[in-house]
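For reference, the structure is listed below as structure tokens.
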Amino acid sequence: MNKVVLLCRPGFEKECAAEITDKAGRRELFGFARVKENAGYVIYECYQAEDAEKIITGLPFSSLIFARQWFVVGELLQHLPPEDRITPIVGMLQGVVEKGGDLRVEVADTNESKELMKFCRKFTVPLRAALREAGVLTHYETPKRPVVHIFFIAPGCCYTGYSYTNNNSPYYMGIPRLKFPADAPSRSTLKLEEALHVFIPEDEWDERLANGMYAVDLGACPGGWTYQLVQRNMWVYSVDNGPMAQSLMDTGQVTWLREDGFRYRPSRNNISWMVCDMVEKPAKVAALMAEWLVNGWCRETIFNLKLPMKKRYEEVSQNLAYIQAQLDEHGVNAQIQARQLYHDREEVTVHVRRLWAAVGGRRDER
């Protein structure tokens, strides 16, 4: 098995390919990416068979921006007989995966794959039973064992492989299933909700998204992101010249500041969160975020970078490198993550957590 399949947003295959080629190459795990426009996935084929395994174990999945999910696969299984698709799949996996803990029969996230997904759902139950009987799967689901992936790219045509639960996306097809809250002011609220699920471990929510925290939302109107903070019982300063949804103002938790988000400077020194979804050039947003972090105006931030039409991976990489350089220059230790979320469009979402204060000798976090 010398290939890695990476699922991505349709239309961003080139960015996903550029990223895996760059980051695998830095680890001397060389290969080439197979890209089909708007396919919703990329295949990175390694020159050395064992390197695919090294990629999905050695390269942190959390460091990838454009991949929603990844897994190692072998050769493409084609022309599966309609009367027995299961036997060839079991044969491909025997001797490759032993006692996998979960099975995911998946497709790319495209309109063309919707009919195929219906088949995958029906096919999963008999396939799971056969894989358990063959010893490829355990007789119970467990997160302690590898995930078995069956990835259909067309009827009767699939890749088979695996990923590891400590270095993959926990979600089917890499997509969190979130429901739009009926009382939220805009659908953008799902971006921030997904970001919280992706970037913050669930067992740390009570500490890092605690009741009574102070937060700032830059460019808040009409309040989709403010809504998520209010739902977690935070006190929110919503900064925007445009009006906020009355339903949010009625909570008593929101202070609306009619100011430009780029000019606003906080008056409090105990702001835990700053969030920002302003439509502006990514370099300008990155500079503002770096200013907030360097000055210690917030502990954590989640913000969006709108992408240009071309060289999108290069642009994001430059923006993140600029923020990192500013933090390094001012002696601020921080963790930076970025991901093109399912609810993002021509943009990526970035999370930065300041681990050490900008003021020397004082520590922000445990």
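Glycine is no exception: its Cβ is also placed from the backbone N, Cα and C atoms.
What TrEMBL says about this one:
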type     : residues                                                       : note
ACT_SITE : Lys306                                                         : active site, proton acceptor
BINDING  : Ser188, Cys221, Pro222, Gly223, Gly224, Asp240, Asp260, Asp277 : S-adenosyl-L-methionine binding site
DOMAIN   : 1-71                                                           : domain 'RlmM ferredoxin-like'
DOMAIN   : 84-164                                                         : domain 'Ribosomal RNA large subunit methyltransferase M THUMP-like'
DOMAIN   : 186-280                                                        : domain 'Ribosomal RNA methyltransferase FtsJ'
Model confidence over the domain 'Ribosomal RNA large subunit methyltransferase M THUMP-like' (84-164), averaged pLDDT: 96
Integer Cα-Cα distance in angstrom, Cys221 (S-adenosyl-L-methionine binding site) to Lys306 (active site, proton acceptor): 17
Binding-site residues near Lys306 (active site, proton acceptor), in sequence order, restricted to Ser188, Gly223, Asp240, Asp277 and a 10 Å Cα cut-off: Asp277
Residues that sit under 8 angstroms from Pro222 (S-adenosyl-L-methionine binding site) by C-beta distance, when 6+ apart in the chain: Pro185, Ser186, Gly242, Pro243, Met244, Ala245
Helix, strand or coil at Gly224 (S-adenosyl-L-methionine binding site) [DSSP, three-state]: helix
The one of Asp240, Asp260, Asp277 whose CB sees the fewest other CB atoms within 10 Å, among these binding-site residues: Asp260
Fewest Cβ neighbours within 10 Å, where candidates are the binding-site residues Gly223, Gly224: Gly224
Other C-beta atoms that fall within 10 angstroms of the C-beta of Cys221 (S-adenosyl-L-methionine binding site): 20
The residue listed as 'active site, proton acceptor', number of other Cβ atoms within 10 Å: 17
Those residues of the chain, 6+ apart, with a Cβ under 8 Å from that of Ser188 (S-adenosyl-L-methionine binding site): Gly224, Trp225, Asp277
Reduced DSSP assignment, Asp240 (S-adenosyl-L-methionine binding site): coil
For the domain 'Ribosomal RNA large subunit methyltransferase M THUMP-like' (84-164), the number of residues DSSP places in helix, strand and coil: 31 helix, 22 strand, 28 coil
